[in-house]
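The region 'Pyrophosphorylase' annotation in Swiss-Prot covers 1-230. Among the features that Swiss-Prot reports, UDP-N-acetyl-alpha-D-glucosamine binding site is placed at 9-12, LYS23, GLN73, 78-79, 101-103, GLY140, GLU155, ASN170, ASN228, ARG333, LYS351, TYR366, ASN377, with the record citing sequence analysis. Under the heading Mg(2+) binding site, Swiss-Prot lists ASP103, ASN228. Residues annotated as region 'Linker' in Swiss-Prot, with sequence analysis given as evidence: 231-251. Residues or ranges marked as region 'N-acetyltransferase' in Swiss-Prot (evidence: sequence analysis): 252-459. The active site, proton acceptor annotation in Swiss-Prot covers HIS363. Annotation comment: Swiss-Prot describes ASN386, TYR387, SER405, ALA423, ARG440 as acetyl-CoA binding site, evidence class sequence analysis.
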Amino acid sequence: MTTRNTIILAAGKGTRMKSKLYKVLHKVCGKAMVDHVLTQVEKTDMSKIVTVVGYGADEVKSTLGDRTQYALQAEQLGTGHAVLQTEPMLKDEAGTTLIVSGDTPLFRAETFEDLFAYHEAKHAAATILTSMAPDPTGYGRIVRNNIGIVEKIVEQKDANSEEQEIHEINTGVYVFDNQKLFKALHETSNDNAQGEYYLTDVIEILKQQGDIVAAYQMANFDESMGVNDRVALSAATKIMRDRINEAHMRDGVTLIDPATTYIDAGVKIGADTIIEPGVLLKGNTVIGEDCYIGAHSELRNAVLADHVTVTSSLLEDSDMASGSNIGPNSHLRPESHIGPKVHLGNFVEVKKATIGEGTKVGHLTYVGNAKLGRNINVGCGVVFVNYDGKNKHETVVGDDAFIGSNSNLVAPLDVADHSFIAAGSTITDAVNRYDMAIARQRQTNKPNYYQKLPYRGED
């Protein structure tokens, strides 16, 4: 096997996207298109990877980091000109170079491997990746002679009626002999209507020199889909979503309705977990084995251990330990850490809090900036009052405490273990171990006062 390099073309602005975000940074299943391409390239054995950036260069670099080298195309003068910007990094390299666009998120590493293998087997100077398009309109056609050798690539606008009937199209992905690529690039011209240097001109130059130009036809046309507008972005997202969902199902995850299940590319799910319809799993969410994610739940960068149940709830940047459950209609906000066998019932909001093993927060409760120990009971309507108008303060509740319904815990506050807060109390001072705190007015009953009220109802 020869030395292999890759050039990813990611310099275009993408005006048809009609967006402030640069085209290759639009996301497909939670991941930038150019990141999808780089991820698949990384799975192959590459010596060097160079990404050509232009519009939004800093944003692209921030997204991809140091996983690739970068070349800047300051002026957008065509694909050939873009590749030429990598010359300082690649011109002295032997072997072969893959060229792929950053707006083609559906390519698989296996396709690149097959393309390299075909190129090397044919001893070609260039190999074009082609596919059979159901509707080839708009694509460059691959014209072969009667024994299957590539004669030329003809663009839609230049194709005659016979050539327009050809369904084999140019996907825009190539493998070149690296030395011959850069030599031929210096022979290209911008003497055309667009005033640009085209990479396809290199193919013609190599043929004129008598070099072998091959074409490898890939099996799956969908992989070659380029994204130029929001319609294509939606189509690519659907294909990727179906691919991701199928992979999880084959790994032992049950998706009740894959058509309404949305799983980002970075999500990991353990076997025997069940996902109900309408679920969104985003970012770097990790779900263990034997979990149950109920309908219309959304998890964003959440980490769930085994045997966790989520019922119609939103979890953000938080984690839940084994045997815990939440919902329905509850919300874990960032930096929440839920211990084993914790029960968070309906309409519970937790923010930047740690809740210990076996604690129960039944319903209609806000827990913010707090540390709760083990086996605590938090009654209905409890509020952890954490904000003084300027700063957030912390409440600490010890093991085996009991917080009665409709209580307010005003931070900063310490409630010791084995203590008891009476229902309806507003607690502002520390509560010691074994104490019961009551902070409410005594009830006053006024005899016969009902008859003095403007509205008395039926006698």
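Residue 1 is the first one shown; counting continues down the chain.
The backbone N, Cα and C atoms fix where each Cβ goes, and this holds for glycine too.
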Close in space, distant in sequence - ASN228 (Mg(2+) binding site), Cβ under 8 Å, 6 or more apart: GLY14, ARG16, MET17, LYS23, ASP103
Binding-site residues compared (LEU9, ALA423) - the one with the fewest other Cβ atoms within 10 Å: ALA423
Close in space, distant in sequence - GLY102 (UDP-N-acetyl-alpha-D-glucosamine binding site), Cβ under 8 Å, 6 or more apart: ILE8, LEU9, ALA10, VAL24, MET33, VAL34, VAL37, THR51
Extent of the acetyl-CoA binding site in Å [max Cα distance among ASN386, TYR387, SER405, ALA423, ARG440]: 22
Distance, ALA423 (acetyl-CoA binding site) to ARG333 (UDP-N-acetyl-alpha-D-glucosamine binding site) (CA atoms, angstrom): 26
Candidate with sparsest Cβ neighbourhood (10 Å radius) among ARG333, ARG440, the listed binding-site residues: ARG440
Which of ASP103, GLU155, the listed binding-site residues, has fewest other Cβ atoms within 10 Å: GLU155
Surrounding CB atoms that lie within 10 Å of the CB of GLY78 (UDP-N-acetyl-alpha-D-glucosamine binding site), all protein chains: 21
